[in-house]
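Taken straight from Swiss-Prot:
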type: SIGNAL; residues: 1-24; note: signal peptide
type: DISULFID; residues: C57-C66; note: disulfide bond
type: CARBOHYD; residues: N70; note: N-linked glycosylation site
type: REPEAT; residues: 94-115; note: repeat 'LRR 1'
type: REPEAT; residues: 116-139; note: repeat 'LRR 2'
type: CARBOHYD; residues: N119; note: N-linked glycosylation site
type: REPEAT; residues: 164-186; note: repeat 'LRR 4'
type: REPEAT; residues: 188-210; note: repeat 'LRR 5'
type: REPEAT; residues: 211-231; note: repeat 'LRR 6'
type: REGION; residues: 241-334; note: region 'Disordered'
type: CARBOHYD; residues: N243; note: N-linked glycosylation site
type: REGION; residues: 385-477; note: region 'Disordered'
Amino acid sequence: MSFTRWEVFFGLSVLALTMPFSAGVTNLRDVSAINNLYITLGAPSLHHWLAFGGDPCGEKWQGVVCDSSNITEIRIPGMKVGGGLSDTLADFSSIQVMDFSSNHISGTIPQALPSSIRNLSLSSNRFTGNIPFTLSFLSDLSELSLGSNLLSGEIPDYFQQLSKLTKLDLSSNILEGHLPSSMGDLASLKILYLQDNKLTGTLDVIEDLFLTDLNVENNLFSGPIPPNLLKIPNFKKDGTPFNTSIITPPPPPVVDPPPATHRAPPVPRIPPVSGVPPAPFAPFAPLQPQQHPPPSPPLVWSPPSSDNGGGDPWNSVSGQPTLQISPPSGSGSGKFWSTQRIILVVSSVAIIVLVSGLCVTLWRCCRSKIYNRYYSGARKDLQRPYFNKPPSQPTPTMGKVSREPMVKPFDGYGAGDRKYGYPMPQRAEESRRAMPPTSYYNKDVNTPQKPLQQPPRQFQSNDTASKRAAHFPPGLNSSSSATVFTIASLQQYTNNFSEENIIGEGSIGNVYRAELRHGKFLAVKKLSNTINRTQSDGEFLNLVSNVLKLKRGHILELLGYCNEFGQRLLVYEYCPNGSLQDALHLDRKLHKKLTWNVRINIALGASKALQFLHEVCQPPVVHQNFKSSKVLLDGKLSVRVADSGLAYMLPPRPTSQMAGYAAPEVEYGSYTCQSDVFSLGVVMLELLTGRRPFDRTRPRGHQTLAQWAIPRLHDIDALTRMVDPSLHGAYPMKSLSRFADIISRSLQMEPGFRPPISEIVQDLQHMI
């Protein structure tokens with residue numbers, strides 16, 4: 001049998017192409033799944049684990065157990081693993097055991113899980129959200145451990161298909177509600193841990209299960225404990241307020257009226273109070289006689305109904321008057337009326353307390369207005385590109401102040417987070433060349449400006465207007481003052497707030513370039529009408545006072561303000577080179593000036609700004625929206641961080657739209673100083689790679705810069721390939737390695753593992 005030349009060539013080609021994949025032992029599907037798991041866990045320090053490729057079975061990756069070529073077990077308990085889990089867990093072909101317990105994994109439990117799983121242990125982590133309903137599809141599941149997390153909501157009613165489940169641990173979460181009825185279908189269940197939750201209702205659902213261990217401590221269960229549960233060998237119920245009084249005993253048997261001879265004993269009868277004969281005998285059990293009646297007992301009697309017939313009630317045989325037992329149609333017993341009085345008193349007190357609480361709440365709301373409606377959450381900034389347009393000549397006439405509607409989120413005072421791929425205007429380079437040199441603005445702005453129609457008033461930072469809860473040190477730069485501008489003067493400087501002078505726009509407000517006489521420039525932020533409506537004059541002045549205290553070399557300086565005719569504006573120093581985002585992604589001429597040393601100095605300047613906010617200010621000031629568009633560059637490429645102290649004015653935005661800067665915990669409403677550190681790490685990644693933090697034009701898996709870069713930071717070959725090509729290799733390898741290490745520590749998924757900002761500043765200073 002002979003082969004033609006092309007057949008031999010084809011066979012060798014196929015062999016060469018398949019050799020890299022056939023060399024490994026592990027199923028390629030499992031390799032891809034564990035690579036994705038490694039990435040979502042934040043690239044932890046696990047022996048042999050890789051983000052791409054590898055042979056988990058052949059190389060015996062840490063915690064991995066295989067059967068032939070398939071991964072069947074992954075056990076990494078107590079390895080200090082962070083990050084989160086994703087739906088790619090379902091890609092494992094035949095995995096049976098996943099033990100990720102006692103780590104720092106956060107986020108929600110993924111909806112997609114491998115159908116072959118038998119033992120799933122996620123206990124002692126930081127999972128949040130609800131228990132996913134898709135667990136009902138795991139018919140082979142025998143052990144499920146979700147204890148010691150932050151899971152909330154009710155336990156879903158989906159246990160019908162989990163007939164093989166023998167252990168269920170839901171302890172130490174924030175679960176509430178009743179036990180689902182399908183939990184009674186768990187015929188194989190032996191161990192059930194529900195302690196330390198907020199579960200309510202009764203335990204009747206599980207009374208027929210053959211349990212050996214049951215722990216319901218520290219819950220809110222009520223009702224009697226079913227007798228079958230009391231027979232469980234290991235039954236713990238301390239701290240749960242079981243209330244056996246809500247279940248009434250069996251009703252007493254109906255007793256026929258005794259014969260007449262039994263009514264004759266000499267028992268003192270209680271005459272009717274109103275002279276009406278007692279109600280006829282009703283088939284109720286008589287009251288038991290009191291053995292030791294107290295002297296002169298009070299007589300509690302209910303007024304009999306006028307339609308009561310004749311007959312004698314049963315009385316106590318002890319000679320002491322007792323309460324008459326009336327039929328349901330009567331007026332009720334004395335005990336009944338006593339209970340009503342108690343209920344009436346308690347209800348009255350409760351109503352008084354509720355009304356008082358409502359009054360206090362309304363009073364406090366009137367004081368604070370709606371300030372607390374705003375919190376700084378995640379938000380997506382889609383802002384125009386910042387570019388320096390040629391100065392416009394002021395118009396000879398003055399028009400009314402423009403009232404722009406609220407627009408897309410604002411970023412920096414120029415150069416916001418625009419839609420990626422936004423073209424740089426052709427005249428941008430010409431405009432930049434037309435800008436004044438570094439000394440574009442002198443510090444004599446605090447003196448009255450000649451164009452002002454009214455003499456400027458000095459606003460001292462120790463004002464007494466609206467002393468709100470400020471997040472700034474009260475004594476910092478207490479002598480600072482700001483120039484009070486008039487609307488007329490700012491109209492003149494900004495060409496009547498013309499669109500040509502807009503250098504940024506967003507939800508806080510539009511930013512205009514203001515040209516003063518003698519070629520000086522300012523940046524004027526005109527707060528949106530939405531902010532003006534929700535902020536009083538006193539609150540605005542307090543904001544100005546607080547921002548004035550944030551005066552350091554790397555914080556964008558507030559120079560003045562305007563508060564006239566319902567309009568509020570903040571006047572900042574002007575940075576002619578725009579933002580770092582412009583320099584990296586839009587301005588090619590400026591990009592060429594970003595040498596390695598310049599980039600390290602920019603990272604150091606940004607870090608020092610955050611160090612001032614986090615560690616000098618008491619209490620600390622969290623920026624909450626730190627990104628490359630907030631890092632402005634002056635004429636010497638020195639850093640000025642914008643929007644410091646304005647976080648509370650930002651409306652809530654979905655964290656999924658934060659363009660790759662948001663730390664994982666921000667998704668759940670937690671924003672701390674360490675969240676700023678994570679955002680700084682992303683900015684340093686931009687400096688290292690020249691890539692955008694999020695780019696939809698790239699392949700899936702490469703779109704989010706942090707997710708793509710983290711696994712490569714400790715691989716020297718991959719690290720050199722990811723450096724910005726415009727540097728042309730002009731950087732020391734030792735400096736590159738140190739910078740990558742700083743970035744890697746800043747991008748830890750767990751906030752507690754990220755270094756304090758002072759440590760980052762110190763490490764960057766050692767690189768200079």
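In case you wondered, yes, glycine gets a Cβ from its N, Cα and C as well.
This view paints the features noted in Swiss-Prot onto the structure.
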| residue | record | DSSP (3 states) |
| --- | --- | --- |
| C57 | disulfide bond | coil |
| C66 | disulfide bond | strand |
| N119 | N-linked glycosylation site | strand |
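Distance from the CA of C57 (disulfide bond) to the CA of N70 (N-linked glycosylation site) is 8 Å. For the repeat 'LRR 6' (211-231), the list of distant contacts is 171, 189-204, 237-244, 246-247: same-chain residues at least six beyond its ends, Cβ to Cβ under 8 Å.
Helix, strand and coil counts from DSSP across the repeat 'LRR 6' (211-231) read 4 helix, 5 strand, 12 coil. In sequence order, V25, T26, P56, C57, T72 make up the list of same-chain residues 6 or more apart from C66 (disulfide bond) whose Cβ falls under 8 Å from its Cβ. Within the chain carrying the repeat 'LRR 1' (94-115), a Cβ under 8 angstroms from the stretch's Cβ atoms is held by residues 30, 41, 65, 67, 70-88, 121-135, 137-140, 145-146, 151, 664-665, 667, 749-750, 752-753, all 6 or more beyond its ends.
By a simple count of nearby Cβ atoms, those within 10 Å, the most crowded of the recorded positions C57, N70, N119 is C57. On the 0 to 100 pLDDT scale, the repeat 'LRR 1' (94-115) averages 93 in the predicted structure.
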